Amino acid sequence: MTTVDNRQDFKVADLSLAEFGRKEITLAEHEMPGLMSIRKEYAEAQPLAGARVTGSLHMTVQTAVLIETLVALGAEVRWASCNIFSTQDHAAAAIAVGPNGTPDNPQGVPVFAWKGETLEEYWWCTEQALTWPNTPTGGPNMILDDGGDATLLVHKGVEYEKDGKVPSVDTAESDEHRVILELLHRTITDGSQKWTQLASEIRGVTEETTTGVHRLYEMHRDGTLLFPAINVNDAVTKSKFDNKYGCRHSLIDGINRATDVLIGGKTAVVCGYGDVGKGCAESLRGQGARVIVTEIDPICALQAAMDGYQVTTLDEVIDKADIFVTTTGNKDIIMASDMAKMKHQAIVGNIGHFDNEIDMAGLAQIPGIVKDEVKPQVHTWKFPDGKVLIVLSEGRLLNLGNATGHPSFVMSNSFADQTLAQIELFTKPDEYPTDVYVLPKHLDEKVARLHLDSLGVKLTTLRPEQAAYIGVEVEGPFKSDHYRY
């Protein structure tokens, strides 16, 4: 583990990987036209000058391009990953070293991330990303979040400082909750206002994923949201591209790297048919699997049926399928009692943000069960009767734990959304009182437009009379905010 304190503070696995990481970043830049175009467009204006951005998002090669885009637009950045398994260590090393540094003289961005963190290390990294030495409040003035963990930590810190105490660790509902409480016990002392002061200067947060957006809407509904937020996840160029086409690519990449099992001819169950589920089902069918979908929503269920998938309950197929993938963003989708009914050597994985879709704690508590590591993030679980299940990434994101996540081109869409959302909140604070917003439609269309040339797309241009006929401007936006793409 490399920790260096000279010009920058950071903690990564191995700085010697920086050259490899830099080569992959250079390749990714070519595949990320949205971000590179934004760098060029805004380089002179420096719209993020003065921004202190705390990032909590998977520390991948693609994220490295995002980080260096924020820096190119004037921001200072501190970064942590948002998943214990998702960091690509060579990318983290390259960011810590920087484009002009060396492993012996790192000159990059403070990043706190490595693959295979413990929960304690993970939340320490998040705390470090939120800690800004030599600043008035000791913290950021912007957050770029994925899953909402950085936002959660700030809000819980403020809540407990207001209450005057942190709940007892004995009240923790999970191992992760216990770690969070321990961290806040350590950072909140009598009369401490660390988190309250830190939150006071935050202009806003831009949130990447469905689960984090749910948290934001819950806090706003409860009246506890401390600063404005832009829901990047529901930008069309994020949810309809990253969620669907990204998962279509990365799900089978993760399964193949983890197991080398032929997918063709297998029966695969996809739990959930939202944008992520749609991409997963399509990828599995493309490999020749017979795909079955489970759904709670009648609209999504009807979509799945009309797309040609059997839609039924998990109970109906639990003992028949070979592959199970959870995609819901909900909890307790596949329970230990379900896994006890599965076939020998069934593969179980999750592609939703958190690790609570699959009941890993319940699985571990089955009497006589034996867990064995095949290789990192691939484990067999042997039941007393000899049956074995293959569980990927310990129930966490398999596409990042077992593979490298979504490809650069699709992430260019999402990260262009993130960059424009950061500019929007940072430069227009008076236009965004505390609430949860979506990315303005003209910016959503801008992001799509930035990616067309790379694919050889030529747009038709409306004539003025045509634009007037449908009630839009010639240059757009072309759809209403409620249009469903």
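Backbone N, Cα and C atoms are what each Cβ position is placed from, and that goes for glycine too.
Swiss-Prot annotations:
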type	residues	note
BINDING	T60, D146, E208, K238, D242	substrate binding site
BINDING	209-211, N243, 272-277, E295, N330, 351-353, N399	NAD(+) binding site
Task = Using all protein chains shown, find which of the binding-site residues K238, H353 scores highest when you count other CB atoms within 10 A of its CB.
result = K238
Inquiry  = What are the sequence-distant neighbours of T209 (NAD(+) binding site), meaning same chain, six or more residues apart, C-beta distance under 8 angstroms?
reply    = D146, G147, N233, H353
Query = Hey, does DSSP put D146 (substrate binding site) in a helix, a strand, or just coil?
reply = coil
Request  = Using C-alpha atoms only, work out the spacing between K238 (substrate binding site) and G274 (NAD(+) binding site) and round it to an integer in Å.
outcome  = 13
Query = binding-site residues T211, G272, G274, E295, I351: which have a Cα within 10 Å of D242 (substrate binding site)?
reply = none
Message = What does the structure give for the C-alpha distance between V276 (NAD(+) binding site) and E208 (substrate binding site)? Integer Å is fine.
response = 14
Note = Neighbouring CB atoms within 10 angstroms of the CB of G274 (NAD(+) binding site), all protein chains considered, total 20
Note = Residues near E208 (substrate binding site) by Cβ (under 8 Å) yet at least 6 apart in sequence within the same chain, in sequence order, are L57, L144, D145, D146, G147, V232, N233, K238, S414, Q418
Message = Between T211 (NAD(+) binding site) and T60 (substrate binding site), how many Å separate their Cα atoms?
response = 20
Note = Among G272, G274, E295, I351, i.e. the binding-site residues, the one with its Cα nearest that of T60 (substrate binding site) is I351
Task = Please work out the number of neighbouring Cβ atoms within 10 Å of the Cβ of D146 (substrate binding site), leaving out its own Cβ.
result = 26
Request  = Give me the largest Cα to Cα distance among T60, D146, E208, K238, D242, the residues the record lists as binding substrate, in Å as a whole number.
outcome  = 17
Ask   = Looking only at T60, T211, the binding-site residues on record, which one has the least crowded Cβ, with the fewest other Cβ atoms within 10 Å?
value = T211
Other CB atoms within 10 A, centred on I351 (NAD(+) binding site) = 29
Request  = Within 10 Å of each Cβ, count the other Cβ atoms, then let me know which of the binding-site residues D242, E295 comes out lowest.
outcome  = E295
